[in-house]
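Asker: Annotation comment: TrEMBL describes 9-18, 52-61 as compositional bias 'Low complexity'. According to TrEMBL, the compositional bias 'Acidic residues' annotation covers 40-50. As annotated by TrEMBL, region 'Disordered' applies to 1-108. Marked as transmembrane segment by TrEMBL: 122-146, 158-178, 190-211, 223-244, 256-279, 299-324, 362-379, 399-419, 431-449, 461-483, 504-529, 549-568.
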Amino acid sequence: RQRRVAGNSRSSSRQQQRVEGLSLDIEIPSQVPLNTSGDLTDDNDIEEADNSSGSTTSTSPEAEEAEAASSTAQLLKKTRQARSPVKNSNPHQPSVEGGPAGMGDLSAQSLGEMSSQDRRSVLLLTFLYVLQGIPLGLAGSVPYILTARKVSYTAQGTFSFVFWPFSLKLLWAPLVDSIYSARFGRRKSWLIPVQFGLAAAMTTLASYTDWLLGENPPGPVRVVPLAAGFFSLTFLAATQDIAVDGWALTMLSRRNVAWASGCNSVGQTAGYFIAYVLFLALESADFCNTWLRSRPEPVGLVSLSGFLRFWGLVFLGTTFCLLFRREESTSNSNSSSEVDNDNLGVRETYAILAKVMRLRPVLLYLFCLCLLKSAFAAADGMTGLKLIEAGVPKERLALLGVVVTPFQLVLPVLLSRHVGNRPLSLYTKSALPRLLLGLLFAGLVWITPRFKSAHDASYPWHYFLLVTVAYLAHQVFMYAMFVSQMAFHAKVSDPNVGGTYMTLLNTVTNLAGSAPVTFLLFVVDYISIKSCSTPNLESESSCITLVDGYYIQSGLCFILGIVVLLRIRATFRRLESLPLEHWKVT
């Protein structure tokens, strides 16, 4: 009897050590069922112990031991439930995911529950992203202004280089992240000079806008210097995006750092809306005379030069205010400092980029993706310009953003639930409807002149309803492809190199969408069939377009898309089935 008690005491000590990591104040009785390996038994063994103990009614020592085993089994079941991940019913409390107390991930607080410092940081980040969206919105509105001034599509292709910096910012992002003054601040070392540069570029460009657009004095549109000026704006805005993204990691507390992506989405969308939809509406004399004025005037309420000058002053004032804001130290803040500590140096980052681009699965995936994205270039890059050329008011097309913006915010959330374990399957399924919509857009451009009123050159409401429905359908399939593409990038990216891998994939795919648009704009005039006559040397030649190159490009893009889609489906399935080791750099 004494030997048995001593043995039970030693067994209790060993079992207490095994469950020490549970961080629960539970006393483990001595009679814990063990399996042959010496570990705690599984639930089947415990249930057998329960059954055996339930049939025992004797008060003998053996019965007491069986009863103790039954109670121990119930305790172990509760212990395992405590160790399993439990979703907290209160969304504002920390959700414990196993391990010692306090080690689980903390859920982000609502705006009202944040500390005053975090609340101010969220507002500041959102405002900085709004400023970032202003140059992007202006760059998106200028092609519509150029089309209204009968600028050639070759000139439009020249201006389209303005949109490239956001697709290429990975090339200089390591420099922004690694070269800085520790005394002035890691992010402020770039943010302050860049925003002063934006203020100076906007103010300078505002002084020459009328001359560049050929308005004062009257003359031709000077596209190359205009594109150079706006290229400097988007380049500086892309650099500001790198700095603000990095600052968000230390500006917000660790618990609320997830708010950074929301600030980015809301801020950039709001800034783009102001500089694209609102600007084109207020710049249009027809819109202002119809909705905002009692007495018609030949110009709108704002001009491009005045809009640039106003936001240049806003950038200047904001930058002076940022000079007096202290930048949180990465090492001392309670934010996600581990993210910054994982940042690589310039040399290491560029070396990793080269290694990623040498991986065979990456090269095959990007090659297929670039071919397929080229098939959408005609519909995405030229349809709006062709509608304006046909006489549709540019401000009415811009106002589609009022209807589309809520869908753009909600669609990624809704579609993310349908990605599943094979995201490229959703990508290829959405590609065919999007290709068909490209043909629908070409047909819409073809029939647009038939809706035009001969009396006042206006368009009926049901025409704009047709345009809105077609555009919303296009947005659904475009965002389905975007969400599935991002999910696949997150799935295959090597976690050992942080976000560099995923950023490279996103950069190449973004460039694959913008480069074909630039190419098609350059060549559309050359493949169009025109009949021109020149009565005399002093008059300008008058040309009639017999076959618009836009329709030729739309047909070729559709054929290319169908052929590529049939070939890459099997390739995408093989890429998705590859083990993740094939995608790793190291």
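Along the chain as shown, the residues are counted starting at 1.
Heads up, the Cβ atoms here are built off N, Cα and C, so glycines get one too.
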Asker: Is it the case that the transmembrane segment (299-324) and the transmembrane segment (190-211) touch, counting contact as three or more CB pairs under 8 Å in which the residues of each pair are 6 or more positions apart?
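Answerer: Contact between the transmembrane segment (190-211) and the transmembrane segment (299-324): present, because at least 3 Cβ pairs are under 8 Å.
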Asker: Run the contact check on the transmembrane segment (431-449) against the transmembrane segment (190-211): 3 or more C-beta pairs under 8 Å, excluding pairs closer than 6 in sequence.
Answerer: no
Asker: Grab the same-chain neighbours of the transmembrane segment (190-211) for me: Cβ-Cβ under 8 Å, and only residues 6 or more beyond its ends, written as numbers and ranges.
Answerer: 131, 135, 176, 180, 184, 217, 219, 222, 225, 229-230, 232-233, 236-237, 239-240, 242-244, 247, 303-306, 308-309, 311-313, 315-316, 318-319, 322-323
Asker: Can we call the transmembrane segment (399-419) and the transmembrane segment (223-244) in contact, meaning three or more C-beta pairs below 8 angstroms at a sequence separation of 6+?
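Answerer: Contact criterion not met.
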Asker: Counting only residues 6 or more past its boundaries, what in the same chain has a CB within less than 8 Å of a CB in the transmembrane segment (122-146)?
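Answerer: Non-local partners: 111, 114, 155-156, 159-160, 162-163, 166, 195, 198, 213, 221, 223, 226, 230, 233-234, 236-237, 240-241, 244, 247-248, 251-252, 256, 259-260, 263-264, 266-277, 279-280, 283, 304, 307-308, 311, 314-315, 318, 325, 384-385, 388, 394, 397-398.
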Asker: Between the transmembrane segment (223-244) and the transmembrane segment (362-379), do 3 or more CB pairs sit under 8 angstroms, pairs being 6 or more residues apart?
Answerer: no
